[in-house]
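S.K.: My questions will all concern the structure given below.
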Amino acid sequence: MSETIYALASAAGRAGIAVWRLSGEGSGTALSALTGKPLPEPRRARRVRLRDGAGEVLDDGLVLWFPAPHSFTGEDVAELHLHGGRAVAAALTARLGELGLRPAEPGEFSRRAFLNGKLDLTRAEAIADLVDAETAAQRRQALRQLDGGLAGLVEGWRSALVRAMAHLEAVIDFADEDIPDTLLEQSVGEVRSLRREMEVHLDERRNGERLRDGIHITILGAPNAGKSSLLNRLAGREAAIVSAQAGTTRDVIEVHLDLGGWPVIVADTAGLRDSACEIESEGVRRAADRAAKADLRLCVFDGTLYPNLDAATLEMIDDATLVVLNKRDLMTGETPASINGRPVLTLSAKAGEGVDDLVAELARVVESRFAMGSAPVLTRERHRVAVAEAVAALSRFDPGLGIEMAAEDLRLAARSLGRITGRVDVEEILDVIFHEFCIGK
């Protein structure tokens, strides 16, 4: 008999309603003890008064009963919809402890759902992603994964490998029988096609992971080009210190933004220049490091200096760069249409002019570079590692070198894919996955 657990499934703190969840074989007994009544009709809310061991009323609320296996965890589950006060929470947890229930660990409800076959690992991860989603794009991706898109893709690959394994095993075990000569050729063709499909997903520039974790945009430029002022405009607050003194920014300053539904992390960096100051030089080194790792770069120039622009910043311009001429309110003369082959946007970070145009262009570029449509994508590093291992095994697949070895390569590939959904022994990764969860999930 597994332990019966409980947790607050809604947000902690003072609230109009608090939802408590119980799961395990003792849930029904605990619910009856709290209400002093028989269990309610399954999946129908009942208003009751909950009482402590001495019969004193704890609260007046709604209770629901979900008998196994028709529940989220696959176990007997009870939900208590009570008032969200601290006194109610303290009295309830004390009573649940008296009844032999223990507090749930983070992710324990979802872990039990997985172990009882209610969720595969990708859907369990999708629940965590949906809870953590801060933008519309993150929400949509989590819902697609929760709907089984990624699980269906991976299981389709795995099923195809199992069929190919069966064909090879037939050739091995029934060599004396009348096995069609085309069976082996068919399997080789299917395996090669599968490998190419997996490689396509590995080549997607980690877009699913970027969407989960945030798309990194780094602001680069010479000292006093207006990088910090631009960051503050984008953030809508004073995130960075703005000063007429060159070299004020010496460390990387990050702000998290919702850019048209896309999660982005914009980083302001130290001005690109040689400096005798050890601290400032370290800031410049970090700026170059962030630029190399960024998904997009904003190269900001002091427009009043055009055409004598900073050489170090010009060297940073590539296809993943937006070029910005700042201080357009002070500029004279014609504005160039492009610099180093990249279109130019002009703005005044100090006055706020042109910033909306930059935001719109950033959103357009992000959408064009990272949009994934409705197709399932790999959303975690562990997914990518597993698919890469499968591709490596399939790259070795060659029945001409021995059918037994070829069958083993297929088994290794199928096992790697099985780790994504949990179709193999994955006890070693469960703790890592479910540790990311909220307590009541």
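Cβ atoms here come from the backbone N, Cα and C positions, even for glycine.
According to Swiss-Prot:
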BINDING   R21, E79, K118, K441  (6S)-5-formyl-5,6,7,8-tetrahydrofolate binding site
DOMAIN    214-367  domain 'TrmE-type G'
BINDING   224-229, 243-249, 268-271  GTP binding site
BINDING   S228, T249  Mg(2+) binding site
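Can you walk me through where each of these features ends up in the structure?
M.R.: Around E79 ((6S)-5-formyl-5,6,7,8-tetrahydrofolate binding site), a 10 Å sphere centred on its CB holds 20 further CB atoms from the protein chains shown.
On the 0 to 100 pLDDT scale, the domain 'TrmE-type G' (214-367) averages 83 in this prediction.
Classification of S228 (Mg(2+) binding site) by DSSP places it within a helix.
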S.K.: State the Cα to Cα distance, in Å, between K118 ((6S)-5-formyl-5,6,7,8-tetrahydrofolate binding site) and S228 (Mg(2+) binding site), rounded to an integer.
M.R.: 49
S.K.: What count of other C-beta atoms do you get within 10 angstroms of the C-beta of K227 (GTP binding site), across all chains shown?
M.R.: 32
S.K.: Round to a whole number and give the Cα-to-Cα distance in Å for the pair N224 (GTP binding site) and R21 ((6S)-5-formyl-5,6,7,8-tetrahydrofolate binding site).
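M.R.: Computed Cα spacing between N224 (GTP binding site) and R21 ((6S)-5-formyl-5,6,7,8-tetrahydrofolate binding site) is 55 Å.
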S.K.: R21 ((6S)-5-formyl-5,6,7,8-tetrahydrofolate binding site) has how many other Cβ neighbours within 10 Å of its own Cβ?
M.R.: 25
S.K.: Quick check on the binding-site residues: of N224, S228, whose CB has the lowest count of neighbouring CB atoms inside 10 Å?
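M.R.: Selected from the binding-site residues N224, S228 on minimum Cβ neighbours within 10 Å: N224.
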S.K.: Quick check for you: of the binding-site residues K227, S228, A270, which have their Cα within 10 Å of the Cα of E79 ((6S)-5-formyl-5,6,7,8-tetrahydrofolate binding site)?
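M.R.: Near E79 ((6S)-5-formyl-5,6,7,8-tetrahydrofolate binding site), where near means Cα within 10 Å, there are no binding-site residues at all.
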S.K.: State the three-class DSSP label for E79 ((6S)-5-formyl-5,6,7,8-tetrahydrofolate binding site), counting H, G and I as helix, E and B as strand, and everything else as coil.
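M.R.: In three-state terms, E79 ((6S)-5-formyl-5,6,7,8-tetrahydrofolate binding site) counts as strand.
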